[in-house]
Each structure stands twice: as structure tokens, then as C-alpha cells.
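Notes to accompany the following structure.
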Amino acid sequence: MFDSVRDDVRTTLDEIKAAGLHKPERVIGTPQSATVAVTSGGRPGEVLNFCANNYLGLADHPEVVAAAHEALDRWGYGLASVRFICGTQEVHKELEQRLSSFLGQEDTILYSSCFDANGGVFETLLGAEDAVISDALNHASIIDGIRLSKAQRFRYANRDMADLERQLKEASGARRRLVVTDGVFSMDGYVAPLREICDLADRYDAMVMVDDSHAVGFVGAGGRGTPELHDVMDRVDIITGTLGKALGGASGGYVAARAEIVALLRQRSRPYLFSNSLAPVIAAASLKVIDLLESAGELRDRLNANTALFRTRMTEEGFDVLPGDHAIAPVMFGDAAKAGRMAELLLERGVYVIGFSYPVVPQGAARIRVQLSAAHSTDDVNRAVDAFVDARAALDA
């Protein structure tokens, strides 16, 4: 059977390459850190890593690694079961309780990824008589999760509160209304205006859901994400997030929400019911991460300092950096080929970054997304900026 489709698949792959959208996988031979060794797919040897979601540098933190080693001996490697059969250990319940407390929510449910968490919410909570109102730039997992539900779909322009209000009015006849937004938009580093969103949700009797994957751990005074940043922790009904970014960088996701919502997800959410339990070693290491988060002021301060230094120096050097103070710092080039070539030149100069272009970002808005980390030193940041300057000169030569 496959012989009849082989040529079609090859044609599709050729079209992806011709459009400049092919995604090669560079192989690294070291733990995730500020510096990694590229072993294939790019300049060999050690390079500065400015494209990981390792915002607090916890991916290879010695205390997290030690907790993982200990957990292997105590809890084993895997559970070979879904949660409701024989896949719930004490370590899973403890992690759910700790996440609930940290995020200021009543309960938490663990998933194998945040993609699954977002995929399991809408179908469970919303029916054909309900409405979901989604930011136009929300993550793909939210978009796909909404598609799985029968809810009426409304979309508002990115962070546009006037448009959100228009969509809420359009959805006024629905039984339930759910406004959903990324806390931080991953391609731009822009932060959602949660206070205004909550105000409109109150006015039009809607629930609020936030995917805070690019915020929990390092945004807000205590690292509790965008609801803390905007002082609306008690007004957000559902928070989804990941253990795969600032919280150690392994894998796993969660929904932290009102107790009744979590209880229903445990009974009806298909990605939860039909996926293996989170590996106990990840759950245990994540508990250590939460310990570190509760005293991580120095790490957050270092990340903020690195972010400010990079943004300031790049602006002084004449680069177009999208405004903001988030650790995602998009450097704009417009042309896709230029952004891709710039990333190649930077790798040759020992800085690992990725160029993004359409359809990941809008046409004509190609960029290099730089991601700062607390693991970077001041010298690392300065070397990265110097490499940008040198690569630009080579590109323009």
C-alpha cells in the first residue's frame, strides 16, 4: 500500500524544503545547559545555547539530578499503567498538591505533556451549547484542543481587548463562555493583559483559562506566572502549564484549576484517561524543582539581568528587538532567507539560535528567537551580542 503514496510523501517533503520550512535536528552530546556540544547537524564543538526553554537553568541542576537518581531507586523507572488503574503513586499526588499550592489553585491534575493538557480541557468542559473565545496567537495545542470540542468558536485579535469584548457579546447566548489565552506568547514574548481579560470575563460571565508554559517559575514576584504578575491569581479559573520548560525541562504537563473542574477532568479527559502516568522520576525531580522555585529569587534576578543586558545591547547595536522585558527576545529580520542565514552564521560563531519564518510567524515577520537563561553568564550574553554584530557584517558583506 505504501508504494502508492511514497511519491506523494516525497513530493511533500521536497515542497517543505523548497519553502525553507525544513527543520533539521541538530544532535547535542551534552546535558542541556548554557553551553552544549553539537555533534551533528551544525558547527561541531561547544556552542552557547540561546534557544532552549531552560529559563532558570534547572535542566542540569545538581539537586534536580540527584533527586532523579534517588527516585529511580525508590519509585522505579515506569508504571506501565494509566492513573486510574495502578498508575498513581504517592509522588504523583504530592506533586499535584505542591503545584496547586504554588499556583494558588484548588487542585491539579498531571498529564504527559502540556499539549495533552490543553487537548483534554475543552472537549471535557464544553459542549455544542457553549462557547470558547480564543486569542488569535494562542499555542497550537490550544487550537487543536478547541477543534476537538463541539463548542462554538470565537477568536479575537492578539491582546486586543476591544475585539475580545466584541466576541464576548457575540457569544452571549451560549450556556458557558471560556476565554483562553497564552500567558506569554512564545514567538513574541508578549504578555497577555490578564487583568483586563478578567475584568471583561466578569462583565460577561465567562471563565478564564491561561496557558502559562512560558511564565511559571520566573514571571511574577514569586515565579507564579502571569496571574501573579497581574494580581489576578484568584480570578483565573484554569491554568495549564508544562514541566518541560522552566520547571526542569523534562516533560509532563498539568491543569491547575477549581476542584470541580479537576475532578471532572479525572473522569472524562481522554488524554489523561488513555495515557500512561508521568514517569515517577520526573514527578520526584519536579518536587525538587518546586523546592528550588520557592527560594529562587537569585535565579530570577539573574535571568532578568541577563534579559535586560541582551535587550539593551542589541538595541544599542541597531537590531530590531520586539519590545518587552520577557526572556524571549525576538530579533526581527523580516525576510525568511535572511533570518535563516543569520542563524547559520551565528552557529559558525559559536551561538546556537533558530530562525523562524512563515507559517510559524506571519509573512514578512521572520525572526531569530533568542531565549535567555539564568544559566548564562554576563560574558555569555556579551559574546552572543558580539556574535550578532559580526554575523550581520558578514551577511551584509
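Including glycine, each Cβ sits where the backbone N, Cα and C put it.
A TrEMBL annotation is a machine prediction, not a hand-curated record.
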Range among 70-97, 98-125, 126-153, 154-181 that TrEMBL annotates as coiled coil: 154-181
Residue from Ser186, Ser269, Ser295 that TrEMBL also lists as binding pyridoxal 5'-phosphate with Cys114, Phe115, Asp211, Asp212, Ser213, His214, Thr242, Leu243, Gly244, Lys245, Ser275, Asn276: Ser186
Model confidence over the coiled coil (154-181) (mean pLDDT, whole number): 99
Of Ser186, Asn276 (the binding-site residues), the residue whose Cβ has the fewest other Cβ atoms within 10 Å: Asn276
For pyridoxal 5'-phosphate, whose listed binding residues are Cys114, Phe115, Ser186, Asp211, Asp212, Ser213, His214, Thr242, Leu243, Gly244, Lys245, Ser275, Asn276, the greatest C-alpha pairwise distance in Å: 28
In three-state DSSP terms, the structure that Cys114 (pyridoxal 5'-phosphate binding site) belongs to: helix
Pairwise Cα distance for Asn276 (pyridoxal 5'-phosphate binding site)/Arg369 (substrate binding site) [Å, integer]: 33
